[in-house]
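Student: Grabbed the feature section from TrEMBL, which reads as follows:
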- 20-39: transmembrane segment (TRANSMEM)
- 83-227: domain 'Flavodoxin-like' (DOMAIN)
- 89-94, 141-144, 176-185, Asp211: FMN binding site (BINDING)
- 282-524: domain 'FAD-binding FR-type' (DOMAIN)
- Arg301, Thr538, Ser599, Arg600, Lys605, Lys606, Tyr607, Val608, Thr609, Asp642: NADP(+) binding site (BINDING)
- Arg457, Tyr458, Tyr459, Ser460, Thr475, Ala476, Val477, Tyr481, Gly491, Val492, Ala493, Thr494, Trp680: FAD binding site (BINDING)
Amino acid sequence: MENSEGVKIESTVVTEEPLISALDIALFVVIITVAYFWYFKRDKQSSSSEKKPYTIQPSSLSSIEQTSNSSFIKKLKSTGRSLVVFYGSQTGTAEEFAGRIAKEGARYKMKGMVADPEECDMADLVEMKEIQKSLAIFCIATYGEGDPTDNAMDFYEWLQNGDADLEGLNYAVFGLGNKTYEHYNEIAIYIDQRLEELGATRVHEIGLGDDDANIEDDFVSWKEKLWESVCSHYGIEETGEESNIRQYKLVDCSEVLPERIFSGEISRLRSYENQRFPFDVKNPYLSKIAVNRELHKSGDRSCMHIEFDIDGSKMRYDTGDHVAVYPKNSSELVDKIGELLNADLDAAFSLLNTDEESSKKHPFPCPCTYRTALTYYLDITSNPRTHIMKELIEYASDPKDQEKLKLMASSTPEGKKEFHEWILRDNRNIVHILEDLPSVKPDLDHLCELLPRLQCRYYSISSSPKVYPKSIHITAVLVNYTTSTNRVNKGVATNLLAQLIPTNDELPQPTIPIYIRRSQFRLPPKSQTPIIMIGPGTGLAPFRGFIQERDYARKEGREIGEMVLYFGCRKKDEDFIYENELQEYVANGTLTKLHLAFSRDQPEKKYVTHLLEQNADELWNIIGEKSGHLYVCGDARSMAKDVHSIIVKVVMEKGQMTNSQALNYVKKMEQQKRYSADVWS
């Protein structure tokens with residue numbers, strides 16, 4: 001604006017030929033403008049640096065505060081700490097374990113802190129040797145096909161590509177994995193070995209937790225031996241002091257204005273009222289439910305076809321991606337907790353970290369009401385871990401309840417057995433525990449501190465963006481089951497989705513927060529490449545998208561390769577989902593072959609694995625002779641393992657290879673992304 005005005009001055013005064021030229025005036029204006037902005041910018045910075053009085057502010061998961069102070073070494077030194085516990089967590093379990101280790105450090109005169117590697121400059125590990133009796137512990141999860149968690153990705157790549165001298169760094173690693181997956185604890189094992197290669201000293205052997213069995217038991221057993229090794233390595237003794245110290249303190253927020261209270265948002269206050277792109281794990285999109293229809297034709301089970309409306313969101317997905325759904329707990333369970341603890345669920349509160357140096361100020365978005373915390377932020381339906389049993393002991397007024405909790409919190413064989421039977425086998429959640437141990441009355445704010453975060457649920461997307469660019473489809477089985485105590489446990493997300501039925505256009509449509517998670521489960525780049533898809537039950541979901549995409553290409557006039565689908569369910573007349581669609585794809589030539597297995601339609605059960613064994617020639621023709629791709633989606637515990645064994649057997653027999661050669665062949669297929677699995681346990 002100033003420049004345009006300067007031009008006008010120049011055109012006017014040139015004709016009068018004054019002593020001061022237009023160029024002089026323009027330069028003068030520029031100098032004054034620069035001086036003005038410099039002065040006020042400096043003044044703004046100086047005023048913002050003044051110390052502000054303490055006020056309760058809504059928490060934010062943005063990394064602005066953390067990135068401004070990413071040196072964990074400085075924090076350790078300035079606070080006299082010697083223990084740092086890093087976590088690589090996708091669901092929150094590794095972060096929880098890290099917190100428990102840091103908390104126990106006090107018993108061994110090692111003041112600890114928990115750190116997110118994504119928010120730290122991990123190159124500072126080289127300076128750990130400057131801190132006397134220092135120790136770095138890594139609680140690292142592996143997820144997907146041997147992938148690091150999102151927050152550990154940069155650290156993983158730094159280890160892969162760097163050559164830092166880590167001599168003098170003392171460390172230990174605990175991995176979180178699942179034995180039903182091929183790449184069991186792969187990331188933790190790599191980090192453990194790589195740290196040693198770079199010169200670091202392993203204080204205690206790696207621990208490998210198996211989530212398919214009892215990862216809590218694995219962790220507790222490893223942790224106890226860890227501290228024995230720590231005492232031996234540093235020549236220290238346990239103080240014997242219990243570490244039941246609150247990590248967060250309660251702050252009364254009854255005077256906070258309602259518009260400053262979180263009501264279920266994941267990060268930004270009022271983010272569901274004022275949606276902003278891009279949408280991700282910390283900023284989900286509030287999607288309307290466009291379609292919610294039943295896929296099962298009969299029977300007592302339910303499978304839902306749900307379509308999320310993403311029109312106008314700028315969200316994009318690829319065939320094979322996952323969609324994350326943010327659920328909420330049932331009001332019935334939430335009300336039950338309030339009733340059992342005689343608590344006012346509508347009271348506003350905040351939990352503030354007692355460690356002022358921690359980058360995590362609150363365990364979940366605060367301030368909020370107890371009802372909001374129990375509904376949107378806390379997991380009240382999973383089996384509580386042993387450390388929660390330990391914390392509940394002090395709230396038990398009945399000696400019998402107290403002894404039972406003490407036993408389950410212990411690491412004795414009897415204690416482990418009791419925990420396994422009473423908590424895991426009987427599938428008790430925190431509500432059931434409070435019901436069955438009536439003298440246990442914990443402070444509600446302490447309970448909110450102890451319970452893990454409620455996690456989003458991931459579903460394979462069952463549509464192609466080529467065909468449905470404005471919507472995302474999922475295929476979900478409603479989870480309801482009766483426990484051995486005759487209680488009905490309900491899946492948090494699927495039971496919520498079952499209630500979200502769209503109405504006519506005149507009424508507001510039901511909504512739910514979602515975001516898209518990228519996947520490596522992809523169609524071959526060339527549409528001519530033949531593929532085999534193996535997906536019983538809801539394992540069909542991503543393949544519905546694959547078939548749609550190939551059908552779209554065919555209709556465009558492009559050549560498409562063979563598409564062979566193996567699908568199985570219980571009964572053809574009950575749970576053969578998307579039957580009409582699949583038969584139509586067979587009729588128009590998009591789907592070359594459809595192999596069907598209905599396990600309960602004949603005396604002897606028949607599964608897709610039986611059909612695979614029968615069709616060995618076809619299988620080898622596509623993956624061996626034509627270098628096609630093979631995809632598996634569904635249960636990892638049995639089906640995916642059985643399929644893998646059959647593939648190896650077929651490669652041996654039809655490819656005339658030894659067992660070792662066949663295993664290497666299949667391994668190479670996986671490395672070339674010609675053998676992909678999207679499985680769950």
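Each residue, glycine too, has its Cβ placed from N, Cα and C.
Structural setting of the listed features?
Tutor: In sequence order, Tyr184, Asp210, Asp211, Asp212, Ala636, Ser681 constitute the residues six or more apart from Asn178 (FMN binding site) in its chain with CB-CB distances below 8 Å.
In the structure as shown, the Cβ atom of Thr609 (NADP(+) binding site) sits within 10 Å of 20 other Cβ atoms.
Sequence-distant neighbours of Tyr459 (FAD binding site) (same chain, 6+ residues apart, CB-CB distance under 8 A): His322, Val323, Val325, Ile474, Thr475, Ala476, Ala541.
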Student: On a C-alpha basis, identify the one among Arg301, Val477, Lys605, Thr609 that is nearest to Gly92 (FMN binding site); the candidates are the binding-site residues.
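Tutor: Closest recorded candidate to Gly92 (FMN binding site) by Cα: Val477.
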Student: In whole Å, note down how far the CA of Arg301 (NADP(+) binding site) lies from the CA of Gly491 (FAD binding site).
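Tutor: Rounded to the nearest whole number, the Cα-Cα distance is 13 Å.
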Student: Please report the distance from the Cα of Val477 (FAD binding site) to the Cα of Ala141 (FMN binding site), rounded to the nearest angstrom.
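Tutor: Here the two Cα atoms lie 27 Å apart.
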Student: Which of the binding-site residues Gly144, Tyr181, Arg301, Lys605 has its Cα closest in space to the Cα of Arg457 (FAD binding site)?
Tutor: Gly144
Student: So if I draw a 10 Å sphere around the Cβ of Ser599 (NADP(+) binding site), how many other Cβ atoms end up inside it?
Tutor: 16
Student: Can you grab the distance from Ser599 (NADP(+) binding site) over to Gly144 (FMN binding site)? Cα atoms, rounded to a whole Å.
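Tutor: If we compare the Cα positions of Ser599 (NADP(+) binding site) and Gly144 (FMN binding site), the gap is 29 Å.
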Student: Which whole number is the mean pLDDT over the domain 'FAD-binding FR-type' (282-524)?
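Tutor: In the predicted model, the domain 'FAD-binding FR-type' (282-524) has a mean pLDDT of 96.
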Student: Under a criterion of Cβ-Cβ distance under 8 Å and sequence separation of at least 6, what residues of the same chain contact Tyr181 (FMN binding site)?
Tutor: Thr142, Glu145, Gly146, Ala636, Val679, Ser681
